[in-house]
Amino acid sequence: MSEPRKILVTSALPYANGSIHLGHMLEYIQTDMWVRFQKLRGNQCIYVCADDAHGSAIMLRAEKEGITPEQLIANVQAEHCADFAEFLVDFDNFHSTHAEENRELSSQIYLKLRDAGHIATRSITQYFDPEKKMFLADRFIKGTCPKCGTEDQYGDNCEKCGATYAPTDLKDPKSAISGATPVLKDSQHFFFKLPDFQQMLQSWTRSGTLQDAVANKIAEWLDAGLQQWDISRDAPYFGFEIPDEPGKYFYVWLDAPIGYMASFKNLCSRRPELDFDAFWGKDSTAELYHFIGKDIVNFHALFWPAMLEGAGYRKPTGINVHGYLTVNGQKMSKSRGTFIKARTYLEHLSPEYLRYYYASKLGRGVDDLDLNLEDFVQKVNSDLVGKVVNIASRCAGFIHKGNAGVMVDSNAAPELTEAFLAAAPSIADAYEARDFARAMREIMGLADRANAWIADKAPWSLNKQEGKQDEVQAICATGIILFRQLVIFLKPVLPLLAADAEAFLNVAPLTWNDHQQLLANHQLNKFKPLMTRIDPVKVQAMTDASKEDLAASQTDTGGPKGNGELVKDPLSAEIDFDAFAAIDLRVALIVKAEAVEGADKLLRLTLDIGDEQRNVFSGIKSAYPDPSKLDGRLTMMIANLKPRKMKFGISEGMVMAAGPGGEEIYLLSPDSGAKPGQRIK
C-alpha cells in the first residue's frame, strides 16, 4: 500500500470588510469537498485559510463605525467563522493576516527579496487628500469623465462610456472620502521586480500547475512583458510597516498570500507533529494547492510564485481556478433577491442542499456556474430525497418489522453489488480531478440502478405473500448494502447526511476503503428521516429576505448618498415581469427629424421600424437644435404605445432618452449592427 500523501490546501482569503455570500461559498465548498475526499482516502490533507484583514477600505470603514480596525476585523472574523462552520467547511485552521506570524513572514520575505536585488524604489506622483492627510487610491477619487463629461465617475474608468484613464485626467477631481479637492504630491514607492522572474514563470505556468485556459491567459501577460509591481502604500494605512521604512506599509496584496503560510505556521504551533519547512521549504515533497476564483489569477500565478522563488520557498503544486457564480442565469442582484448572503441562506435552507447542487455542476474548468433556483429545488429533491435516501427508507422498515433490525447474511443482487464496487475507482478519479459533476453523475447513475432493482423486486408486494419473507429480508438487506456504498461515495459532499446514515447503519465513521466490505448479520438502528424535500416556499422566502437585506441597508444609510442620479431622481416603484413584458421596444431608424412650427420643445420624427413608418413627436428640441443631425441615426422606441392625438398631429409611439431635461437630453441608441424593427429584449 502506498504511503499517504502530504497535502496542504488553501482557499482565497475572504476580505474582512463584509459578509460571505453564496458566490464566495462556491469556492469554500469546492475546496472542502476535495479536502474531505483526500482525508477519506487516508491522506494527510491540511486545509488552512484566514481573513484578509488589511487595507484602506478596512481602515475607513472602522473609522466610519467609530471602532478600531482591530475591533472591526474581529467582528467580521466571528461572523465568517460561524457561516463557514454551518456550511460544514472544515478548516484545520482559520487565521487572520493581521497576526504576528504574518508580520514576521512578510518582513522576512521582503528582506530576502530586497537583499537579492529584487526590490526597486522610485518616486511616483499621486493625488493626496489634504483634509484626510492621505494618498488616494483610484477608487477613492471621483470627478468628471474626460471623454464623455459624465459626472461622479471613479478615478480609473467611466461607468457610462467605458473609457479608462489616469486619475490625473479627471476633470474637477474630488476625494470620495472627504469631498476635498485633492492635490498632486510625490512619494517614494517600493516595487517588486517581477520581470526578473519572466523566464521562470514562462516555464512554471506551462508545467501543469494551471488549467490550460488559465495558462493561456497568463501567457498573454507574459508575452506582453511583465512590469514592476508596486508593493507599498503610504501612511495612514492599516497593515504592516515595511522594515526600515517608517511611514511605508506593505500593499495588502503582498501580505495576503503570505497569510497562507502564516495560517499554517500558526497551526504548527498547536500541532507539534507538523513541520513548517516540510511543507514550505524549497525542497519540500509535500503537495500545495491553492483554490481561487478567476478574478485573482494574476496575483497567484505571477506575483506569488515569483515572490516565493525570490525568497527561497517552494512554489505551488497546482492552482485550481473556478468561474463566477450566477443566479438564474444572471449576475447576482440585490434588487432581484439573488445576492444571497450565507447567513440568509442558512436561515431558510440546509447547507447540504447547496453543497450537493454545487457538486453536481462543478467541473474542473473555469466556466461560470449558474445556480438556477428552480433546477436547484428539482435536482435536490429528485437526486437526494427521491433516489439516495429513498433506498434506505424503502428497506429499513421491512428489516425492523420482519427481523428486529438485523440484516440477513444474503446478497440478492451480486452483479449489481459488484458494479457498485467496480465504480469506486472511476468516482475517485473524478473527485481527484475536481470533476465533481462527473462524480455526482456516476453516483446518481448507481442510485438509479439500485432503485430500479428494488422496484422490480417490489418487496412491499412480496411481503404480502405467504412464505416470501426470507426473500423480502434478502432484498432489503441488499438495498441497505447499496445505500451504504452510496453514502461512502457522497460523504465528501454531504458530511451531515453521512453522519446520520452512519448512526442508522450502526457503524463507525466510514472511510473510502470501507466500500470493499459488505454488511452481513448486522444490527441496524431505528431509521429516522435523513433528508426532507426542499419546499419552494422557503426558496422564495430566502430571496424575499435578500431583498429585505437590501432595503434595510438602504434604510441604515439613508438611501443612496452623494450626487448620483438615484439621489436626484429616485427609483420608481417595482413592477412585475408581466408589466414589463407588455412593453414592445423596437429599434427605429430616424428617416427624418424636423422642427414643429409653433412648438418650442417638439421635434417631429419619421421613424422606420422595418416594415412600416411611424410619426412620433418628441420633446427633445432643446438638446438637438439642428434636428437634421439626427437623420439616419438608430434609436429605440416604444412601438405599442396607444397613438396619441396632439395639437400638431398624431404621435404613434415614444422614443427613449435619458437626462434631466433642457440641453441635457440624450437620445438612446442601440449598438452598431442592430436593424430597424428588431425587438429589444
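Just so you know, glycine gets a Cβ as well, placed from its N, Cα and C.
From a predicted model like this one, the values you see are computed outputs, not experimental measurements.
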Annotated range (Swiss-Prot: motif ''HIGH' region') out of 14-24, 201-211, 223-233, 564-574:
14-24
Matching 96-100, 331-335, 626-630 to Swiss-Prot annotations, motif ''KMSKS' region' lands on 331-335
Taking every residue in the domain 'tRNA-binding' (579-681), what is their average pLDDT?
87
Including all protein chains displayed, how many Cβ atoms other than that of Cys161 (Zn(2+) binding site) lie within 10 Å of its Cβ?
12
Checked against DSSP, the composition of the motif ''HIGH' region' (14-24) is 3 helix, 2 strand, 6 coil
Taking the Cβ of Lys334 (ATP binding site) as centre, how many other Cβ atoms lie within 10 Å?
15
Candidate with the highest Cβ count within 10 Å, taken from the binding-site residues Cys145, Cys148, Cys158:
Cys145
Using DSSP, break the domain 'tRNA-binding' (579-681) down into helix, strand and coil residues and give each count.
7 helix, 46 strand, 50 coil
Within 8 Å of the Cβ centroid of the Zn(2+) site residues Cys145, Cys148, Cys158, Cys161, which other residues of the same chain have their Cβ?
Pro146, Lys147, Gly149, Thr150, Gln153, Glu159, Lys160, Gly162, Ala163
Distance from Lys334 (ATP binding site) back to Cys161 (Zn(2+) binding site), taken between C-alpha atoms, in Å:
24
